[in-house]
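K.L.:
Take a look at the following structure, please.
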Amino acid sequence: MSVTTTETTGTAPALPRKTLGLAMIGLAVMMTLLHYAGLLPAWLHRLPEAIIPPFATWLDAIFNFVKDDLGLLALTRLLTDGLEVVLDATANLLFGKRRWPNIGPIPWSAIAAMTAVVGYYLGGWRMALLAGGTFVWTAMIGQWDIAMQTMSVLVVAAPLAFAIGLVLGISAWKSPSFDAVLRPVLAVLQTLPFFTYLLPAVIFFKVGPTAGAVATTVYAIPPMILMTTLGLQKVSPEVVEAGKMSGCTRWQMLRHVYIPAARTEILVGVNQVIMLCLAMVVLTAFIGMPGLGAKLLAMMGSFKIGRSFEIGVTIVLLAVTLDRMSKAWVVKLPEHFERGTPFWIRHKFLLMAIGAFVGFTLIAQVVPILSEVGRKQSWSQGKEIDTLIKGFLAIDAVQAITNSIRYVLNIWVLNPLRDFMLSIPTVAFVLFISAAALLVAGRREAVLAAAFFGLVALTGWWDRSVITLYSVLAAVSIALLLGVPIGVVAARKEKTANAVLLACDTAQTFPSFIYLIPAIMLFGITATSVVMSILIFSMVPLVRYTIEGLRNVPDEMTEAADMAGATRMQKLWNVQLPLALPTMAVGFNQAIMFAFFMVIIAAFIGTQDLGQELQRTLAGTDLGKNFVLGICVTLMALTFDMVIMKWADDKKARLGLN
């Protein structure tokens, strides 16, 4: 009798994700308990300084080599001179700065009238009223000069960002290897704190409008690159084949086939460029950029809420106007005329805009208020608003409520959470983050999460990073508890949903640091005010994506639930919310990204996190430290973005959703 044996070769099967993840969490908990018992080695609690690489010193050495030895500083100074000429020209035209060509300023009424005509061409009377009304408000509220200081940089930075982004996007589309290198760079650029953009701009391009224009341009380039590449990749093969059959050269294919076919995506990129430029040009007030941002900072410093609110409204109106007009440009199809159509018919709106501009320019020479609104003629009600707010804050009931909220959050929630997170050993913290990524997303994400947080630990800024993360998680958790129920209730009725989404748009377009004022006035210089300022900003995407997720639940699913006799709550919990979860997860991810952005601005309240250290770097030339701190924020933000989006994609695939 013979016995047949079968040999198995290969490696042992890998542990299931759940088992491995729970084991990692168990190990992290055990290490934390050992630390509390005083039995954990000190080097496992915090990495010894001896093994912390001097990243900042290395970066400073590279920076000094590039700046001095390679002559980059001399080159950027030449570029600065050229950029100053352009900025001086726009400043002269828009608000009368005494520079070439010495023909400004253009009357505010001429700009308002011309913009109204452009608005009518793009979107009819409503758009015309919005566009013209925005500039009328800006002039009559007494903010024309500071608004035009901001716009004089915006009209230079936005075209620069568009041109550079378009060229790089086309290059990435043509070269997959270049695209593969560019993608991670763009991911980092989109998550870097805005302070990290400001210091290099100051060092290479001087303090003021030139540095502001450069920082604004660089900040706005990434979405233009991404949308250009996406649009060109989506051009249908049939369109390409038709161009080749027509005998087009490479340049003709790009100019007359690819770019027109990718028009929608490219114009969406233009919209994003304009909005990011407006957001950043306000924030460049921190490096001496005059305009709305600088005035808002000055008003905030003296707690003039009324004037701050009026400036915030102006920024919101400008943002909404530019957003709506650029979006209308995206959807508006090019007009085609028969051969021989007269010029004045083909370009009637252009002629109307020129006519309105010239007409009001001439009228303004006779009617002074149409050229410049004096202080006595201004509609500003800033002082009256300040009086109302002070009266509101003096009400006993308001003080009792805010004091109670501050006490409960500070004593029972925020301080214990901060102390607990700081008490966790570094290695245990990294293990826990990696385990969470493994359970939620997968092995690849777990490895990257461990690498990212491990690198944060190696920078030597671990405690500051943990405090930053604690502020983000605390604010987003409260935002989740408030934002999701608001979104669920609002999604029930179309009118309510539209009203709430309008409120979200308005809240998102307000300058981010304006939220610091009510937080400080209500809750003082405390951790509560930091969290509250982040909370308002980060709650917007949670509300928005909850509404969108519930709106996009397939009708057949809700109809099936109705036919099965489900109650409203059963339908919500068992059908609508599960199907909306992938979309809601995107909102949660956006909330965390917004929170990481806002927590840096909240450093002005007096935090002890990375934002405070980043703010200090602006006072000197410590570029290495600036980059290291910015990378710490980026690595933490990228970890959450990677894990949440992977979970959302997997959930969509399991549910069969596009």
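Just so it is clear, glycine is given a Cβ too, placed from its N, Cα and C backbone atoms.
Dumping what Swiss-Prot says about this protein:
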type	residues	note
DOMAIN	147-326	domain 'ABC transmembrane type-1 1'
DOMAIN	465-644	domain 'ABC transmembrane type-1 2'
TRANSMEM	20-40	transmembrane segment
TRANSMEM	103-123	transmembrane segment
TRANSMEM	127-147	transmembrane segment
TRANSMEM	153-173	transmembrane segment
TRANSMEM	212-232	transmembrane segment
TRANSMEM	273-293	transmembrane segment
TRANSMEM	300-320	transmembrane segment
TRANSMEM	420-440	transmembrane segment
TRANSMEM	447-467	transmembrane segment
TRANSMEM	469-489	transmembrane segment
TRANSMEM	517-537	transmembrane segment
TRANSMEM	585-605	transmembrane segment
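Provide an account of the burial state, proximal residues and distances for the features listed.
P.N.:
Residues 14, 423-425, 427-429, 431-432, 434-436, 438-439, 446 of the same chain sit 6 or more residues outside the transmembrane segment (20-40) yet have a Cβ under 8 Å from a Cβ within it.
For the transmembrane segment (153-173), the list of distant contacts is 83, 86-87, 90, 94, 179, 182, 209, 212-213, 216-218, 220-229, 232-233, 254, 266, 269-270, 273-274, 276-278, 281, 284, 289, 291: same-chain residues at least six beyond its ends, Cβ to Cβ under 8 Å.
With a cut-off of 8 Å between Cβ atoms, the residues of this chain six or more beyond the transmembrane segment (212-232) that come close are 83, 87, 153-154, 156-158, 160-162, 164-166, 168-170, 172-173, 179, 182, 186, 189-190, 194, 197-198, 201, 204-205, 258-259, 261-266, 268-270, 272-273, 276-277, 280-281, 284, 287-289.
Long-range Cβ contacts of the transmembrane segment (420-440) within its own chain (Cβ-Cβ under 8 Å, at least 6 residues beyond either end) map to 17-18, 20-22, 24-25, 27-29, 31-32, 35-36, 40, 44-47, 446-450, 453-454, 457, 462-463, 466-467, 469-470, 639, 642-644, 646-647.
Beyond the transmembrane segment (469-489), the same-chain residues lying 6 or more positions past its ends with a Cβ under 8 Å from any Cβ of the stretch are 413-414, 417-418, 421-422, 496, 500, 527, 530-532, 534-535, 538-540, 542-547, 550, 572, 577, 584, 587-588, 591-592, 595-596, 598-599, 602, 607, 609, 636.
Long-range Cβ contacts of the transmembrane segment (517-537) within its own chain (Cβ-Cβ under 8 Å, at least 6 residues beyond either end) map to 300, 303, 305, 308, 389, 393, 402, 405-406, 409-410, 414-415, 418, 471-472, 474-476, 478-479, 482, 507-508, 594-595, 597-599, 601-602, 605-607.
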K.L.:
Sort out for me which stretch, of 273-293, 300-320, 447-467, 585-605, has the most Cβ pairs below 8 angstroms to the transmembrane segment (127-147).
P.N.:
300-320
K.L.:
Any residues 6+ beyond the ends of the transmembrane segment (447-467) with a Cβ under 8 Å from its own?
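P.N.:
46-47, 49, 51-53, 55, 418, 421-422, 426, 429-431, 433-434, 436-437, 607-610, 612-613, 628-629, 631-633, 635-636, 638-639, 642-643.
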